[in-house]
Structures are given as structure tokens and as C-alpha cells.
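Student: First, the structure itself, so that you have it in front of you.
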Amino acid sequence: MNVTLVEINIKPERVDEFLDVFRANHEGAIQEPGNLRFDVLQDPRVKTRFFIYEAYKDEEAVMAHKKTPHYLACVDKLEALMSEPRKKRCFVGLMPE
């Protein structure tokens, strides 16, 4: 299992727009055959900080996700909404199998 944790910091005045843009990516991602989980989380202390927890069955599924129209549209719109570049960490999921 391939897991990615992405931190996204959004300009305060663009949070609602971010949620609209990212909702389309989320809804598309959870329909992908290789997707196991795709959670959008908001930091309760910093309302402009979001974390995306993505789990895919393998690297092939991750690469397929990055070619989907919903992902490409999201990335295209995201740049203008962010207050700083995204931070990404990749993991190998061990449990559950």
C-alpha cells in the first residue's frame, strides 16, 4: 500500500474556494479502482492548513491518479490558492494489509 500525506496551506481569503476545488478531486479519487482512502483534514488550530491522506493499493494506482482529469484540474487551480508550496511525505503502509 502506498500512502501519501500532503500538507496544503491556503490563503485565508481562499479557504472556501479551496474546499470547492478539492471536493471535485476527492470525489473523483474515491471512485478510482486503486484508491483505498482519500481523506481531507483541516488543522483545528490553523484553519488554513489542510492535510490530505491518500492511500492507494500500489505505485501504479498512484501514477494513474496523477493522470486523471480531476487531479489535473485540481493541481491547475491549487497554485493560486496556496500561501506556500505543498509539502508531501510518502509512506509504505504495513497495517492493515
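All residue numbers here begin at 1 and follow the chain in the order shown.
Cβ atoms here come from the backbone N, Cα and C positions, even for glycine.
Annotation comment: Swiss-Prot describes 2-91 as domain 'ABM', evidence class sequence analysis.
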Student: Is it possible to list how many residues within the domain 'ABM' (2-91) are helical, extended or coil according to DSSP?
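Tutor: Breakdown, helix to coil: 35 helix, 31 strand, 24 coil.
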Student: Mean pLDDT for the domain 'ABM' (2-91), rounded to an integer?
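Tutor: For the domain 'ABM' (2-91), the model's average pLDDT rounds to 98.
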